[in-house]
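Pulled from TrEMBL, these are the features on record:
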DOMAIN    19-330  domain 'tRNA synthetases class I catalytic'
BINDING   Cys30, Cys223, His248, Glu252  Zn(2+) binding site
MOTIF     32-42  motif ''HIGH' region'
MOTIF     281-285  motif ''KMSKS' region'
BINDING   Lys284  ATP binding site
Amino acid sequence: MSELFLYNTLSRELEKFIPLKTDLVGLYTCGPTVYNFAHIGNLRTYLFEDILKRVLVYNGYTVQHVMNITDVGHLAGDTDNGEDKMEEGSKREGRSAWDLAEFYTAAFKKDLINLNIIEPTIWCKATDNVPEQIELIKTLETRGYTYLTPDGVYFDTAKFPEYNKLSHLNLDELREGARVAKNEAKRNATDFALWKFSPVGAKRQMEWESPWGVGFPGWHIECSAMSLKYLSPNLDLHCGGIDHINVHHTNEIAQSEAATGRPFFKYWLHGAFLNIAGGKKMAKSDGNFLTLDNAFIKKGINPLAYRYAILNVHYRKPMEYSKEIIKNAENGWDHLRHQVNDLGTEVGKIGKEYKYKFLETINNDLNLPQALAVASEMLKSKLSDADKLATVLDFDLVLGLELAEKIPAEIMALAEEREEARIAKDWSRSDELRQIIEDQGYLLKDGPNGFTLMKK
Ligand code: AMP
Ligand code: ZN
């Protein structure tokens, strides 16, 4: 059996994956801030996490996957100043922060379905877990890690000596990074808000009573409270994009370990960015962001072509978005599906040699570009078509490219009828039937062994 190795940001090394407890593996992935659509950069991170989860399942683990929805407390500048992104979005769109959250959460879930991303076992919202966050802050207060300022309750990072263990930056560098927007009331530049007070004289849409005053939780505390609540004692893997390393995840570790006195998650995995031309990060705050809808669906490109593009670049390598990359991915995915379709419908036995090669490749820190090469090699091999089909369907449990889809019976019947017309050289009927099939969203291709059908 091949062992699974993953790159842990905490140790900066490839580590053998050993679950903390049993074969039940806890996976926490930081979810979206629902003030806008997810852009395809965000979705790259969710695709990487989906691959990770599928690889764990392929290795025989049962995965308990928790994803949060940030619907309060994420401030515009990530610096504890700025406005709450939800309240800001609510003004922009002229609807309540609660409606905004509901709308963009639904849009996000639709993106996941379109990309064939498996749903988390548990969805949890920050606003549904405010008492848990208050409890955690109370524990930190009792243990002496907090202090009060005019705008909220803060975590004193100087009291947590291992504050830089995830970022590996020296404290001066971290403090420099946090100094962008100065808050004079903070003891250290890296200190962060656990609880923020509502502005004096103004009522926020989302606010709660607390022992310190009416206000709302800071962004980082939600992930600590919810991962401890839903995943303890299986705090195995925690993921996000690389922008989460220096602040969000660093703060999550500090406050969780300070509160529990125990190590927080064992493995920390981070996905590299999707950049736009010139190496600039695709970001919601800039005008440069593309959604699955405007970059793919509205252009008639199946979102799974994006999934295929993502699989072709290792998750720790930056990727530059271009129309050409997407065109190539569309062709590549199409070609692969045609190859699979041409194998017929008889499912044989999984080719052991190729399965092992595939497993070894994905277990090497999720080397999916190489795994696609193994799939392609297998499809060109001497295995019978039936065995190739069995093997590629097995690989698709990880790839998630919907390589063999079920064609509805009525489309199948139309195709059979068209085949008869073609054999009878009734070209006009044959063309007519082909058109009907295409209008229903299917492509029909003639091959040496008859026709193949696939979704457009
Ligand atoms: P947010 O909704 O801004 O909290 O981001 C959701 C997820 O997307 C986080 O895990 C971020 O680290 C990640 N992310 C943000 N921008 C990008 C990008 N350009 N490429 C890849 N991942 C990103
Ligand atoms: Zn988080």
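Quick reminder: no glycine exception, Cβ is built from N, Cα and C everywhere.
Glu252 (Zn(2+) binding site) sits 23 Å from Lys284 (ATP binding site), taking the CA atoms of both as reference points. Note: the CA-CA distance between the residue listed as 'ATP binding site' and Cys30 (Zn(2+) binding site) rounds to 16 Å.
According to DSSP, the secondary structure content of the motif ''HIGH' region' (32-42) in residues is 3 helix, 1 strand, 7 coil. Over the domain 'tRNA synthetases class I catalytic' (19-330) the predicted model carries a mean pLDDT of 91. A C-beta separation below 8 Å, combined with a sequence spacing of at least six in one chain, links Cys223 (Zn(2+) binding site) to Tyr28, Cys30, Asn68, His248, Glu252. Here the motif ''KMSKS' region' (281-285) is broken down by DSSP into helix, strand and coil counts: 0 helix, 1 strand, 4 coil. The Zn(2+) site, placed at the center of the C-beta atoms of Cys30, Cys223, His248, Glu252, has further neighbours from the same chain whose C-beta lies within 8 angstroms: Trp219, His220, Glu222, Ser224, His238, Gly240, His244, His249, Asn251. Checking the binding-site residues Cys30, Cys223, Lys284 against ligand 2 with a 6 Å cutoff on the Cβ atom leaves Cys30, Cys223, in sequence order. Checked against ligand 1, the binding-site residues Cys223, His248, Glu252 give no residue with a Cβ under 6 Å from it.
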